[in-house]
Amino acid sequence: MSEQVPAIEVDGLTRTFKVRRRGSLLRDVVTAVDDMSFTVQRGESVGYIGANGAGKSTTIKMLIGILVPSNGSARTCGLDPLQQRRRLARRIGVVFGQRSQLWWDLPVRESFAILGEIHRLPKAVARQRTEQLSEQLDMGEYWNTPVRQLSLGQRMRAEIGAALLHSPELLILDEPTIGLDVLSKQRLREFLIAERAEHGTTLLLTTHDMGDIERLCQRVLVVDHGRLAYDGSLPGLAATVDTRRILQIDLAEPTADLTGLGTATHLDSKGDGLRQRLAFDPKRVTVPQVLAEVSARAEVRDLSIEEPGIEEVVRKLYARRVP
Amino acid sequence: MPSAIRPWFRLLRASFAAQTRYLPAALGGLIANLTFGFLKAAVLFATVRAAGGEVGGYDLATMSSYVWLSQALLGTVNLGADSDLADRVRTGDIAIDFARPLDVQTSYLAVDLGRSFFALGPRAIPLILLGALTTGIAFAPPAGVLLGLVAVALAAVLSFLGRYAVNILGLWLVETRGVRTLYMLVSSFLAGLFVPVPLFPDWLKMLANATPFPSLLQTPIDVLSGKVSGAAALLAVLWQVFWIVVVGAAGQLLTRRGRLKLEVQGG
């Protein structure tokens with residue numbers, strides 16, 4: 001394939017669903033994806049974000065040929081996903097965070113062996129790639145364990161390894177970090193960064209986790225109600241919306257509202273000021289700086305940081321755009 | 001192993017291996033098959049005796065062979081209405097199958113055959129031994145048994161293809177339970193599970209023989225036991241092949257048409 005063919009080309013892509021109205025024979029038409037157009041070049045790393053039901057999964061299903069567009073077209077790796085489904089399947093790797101492509105009753109090792117055959121990898125290539133993935137994703141400890149006995153974190157590493165076994169040129173991850181603990185998320189992200197650095201794999205990622213986007217994606221597509229609401233860099237997105245973070249602090253004793261801080265803005269207080277919420281701009285100040293300023297005024301017992309969720313970012317994006 | 005069919009062979013082997021985990025279930029199946037075997041033997045032997053020692057071409061010895069072979073093959077030839085695939089359509093996991101570079105019908109066939117062949121061990125062989133030791137089983141001469149084994153394998157393939165065609169209707173129907181139950185009733189009756197097909201009244205015999213169902217059970221039993229032999233046996237096996245082509249093509253067609261209207265459920 002020539003370098004000029006984009007990894008993903010979507011033009012006027014539209015998908016409607018008929019939904020039966022409750023208690024009626026009438027059907028409503030719901031537009032899940034609405035006249036969407038974008039291109040992802042080879043080697044790009046794109047975060048595809050939006051609220052639940054915004055149309056993310058619907059788009060992905062059309063990109064891999066398991067859903068027919070109502071209108072418009074999608075080309076993936078230069079192929080027609082519907083007509084050339086099997087050829088396309090050899091060139092892409094897909095992970096649906098909520099579903100498993102592994103064989104439930106069989107050891108992880110056996111799933112990789114089967115996938116190697118399915119993708120018709122030469123034996124030596126399959127062995128070498130399997131060893132490499134097993135090591136990088138730290139699967140050794142559960143390599144002989146049946147899939148149904150794995151923890152979510154272990155299974156997700158195995159899923160991503162399985163999707164990468166045939167060294168696909170495009171990796172599509174649908175909510176890969178959902179339900180994972182902080183450490184597992186971190187390890188997965190580091191692996192994906194290293195994998196992309198080595199193989200130049202194009203990445204399309206849907207997530208609800210801003211951390212995924214920050215660490216993994218150079219470009220962000222925001223979809224809202226089936227339409228593309230933003231296409232650009234993450235800093236660009238941050239610049240268009242308020243991405244302040246919220247610091248919640250628990251203080252040793254009731255304290256007056258912490259107003260007039262240089263590093264953060266007071267939002268609200270609870271329990272006579274025992275718990276207070278402050279907003280700060282992560283681009284300007286760090287958490288220790290805020291903490292230092294607060295500590296000068298009151299004794300801090302505990303603290304937590306709220307990341308702005310994707311929904312929040314999208315909501316703010318829309319609040320700004322609607323006049 | 002020609003490389004073209006290696007992925008399917010691998011799936012078959014893996015599915016066979018996975019079955020070892022379900023050995024207790026196989027044992028349960030064996031006990032059920034055995035119990036119903038004695039029940040069937042009691043009723044059908046009484047029928048033969050009441051008819052004066054022969055009915056529809058069956059005497060006590062050939063009826064005994066029919067009873068035990070039909071029970072023995074039940075683990076391998078699935079006349080039921082499993083819902084593995086329909087469940088995957090309902091939950092949306094079918095998306096995973098369509099995202100693989102493999103034909104969905106034939107890859108499921110490989111998995112199902114792994115299960116079918118495994119059942120020969122814990123279910124078919126013990127039942128044949130028990131049947132032979134109790135009321136007896138007559139077998140065809142070696143060439144007939146060999147052809148009978150081919151008929152068993154073809155019946156296993158055909159049984160899968162029929163269930164697949166019913167399950168894939170899930171692409172149109174959200175709930176397939178009704179269709180599957182109906183299929184199970186019709187297929188087990190017309191296959192000759194409860195009463196051998198030659199004992200059916202003429203009109204029902206004609207109806208049954210116009211369907212693929214007798215090829216599932218009656219044919220392998222007849223060929224294995226030598227009730228049908230020579231050219232007639234060969235013809236019966238070719239008739240199985242004919243149905244495999246027809247039912248298999250129907251499944252392919254349904255898959256292709258259904259894929260275009262597939263609305264993968266759930267995120």
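Numbering starts at 1 and runs along the chain as it is shown here.
Just so you know, glycine gets a Cβ as well, placed from its N, Cα and C.
With a threshold of 8 Å between CB atoms, the same-chain residues lying at least 6 positions outside the transmembrane segment (B:21-48) that come near it are 54-55, 58-60, 63-64, 66-68, 70-72, 74-75, 118-119, 122-123, 126-127, 130-131, 135, 194-195, 199. What TrEMBL lists as transmembrane segment is B:21-48 (among others).
The annotation transmembrane segment is assigned in TrEMBL to B:60-81 (among others).
Outside the transmembrane segment (B:124-140), and at least 6 residues removed from its termini, the chain residues within Cβ reach (under 8 Å) are 30, 33-34, 37, 41, 45, 61-62, 64-65, 67-69, 71-73, 75-76, 147-148, 223-226, 229, 233. Here TrEMBL flags B:124-140 (among others) as transmembrane segment.
Positions annotated as transmembrane segment by TrEMBL: B:146-174 (among others).
The transmembrane segment feature in TrEMBL is assigned to B:181-200 (among others).
Taken from TrEMBL, the feature transmembrane segment applies to B:231-254 (among others).
For the transmembrane segment (B:60-81), the list of distant contacts is 26, 29-30, 33-34, 36-37, 40-41, 44-45, 48-49, 53, 112, 116-117, 119-120, 122-125, 127-128, 130-132, 135-139, 152, 155-156, 159-160, 163, 166, 180-181, 183-184, 187-188, 191-193, 196, 216-217, 220-221, 224-225, 227: same-chain residues at least six beyond its ends, Cβ to Cβ under 8 Å.
If you look at the transmembrane segment (B:231-254), the same-chain residues 6 or more away from its ends with a CB under 8 A from one of its CBs are 105, 140, 144, 147, 150-151, 154-155, 157-158, 161-162, 164-165, 168-169, 171, 212, 215, 219, 222-223.
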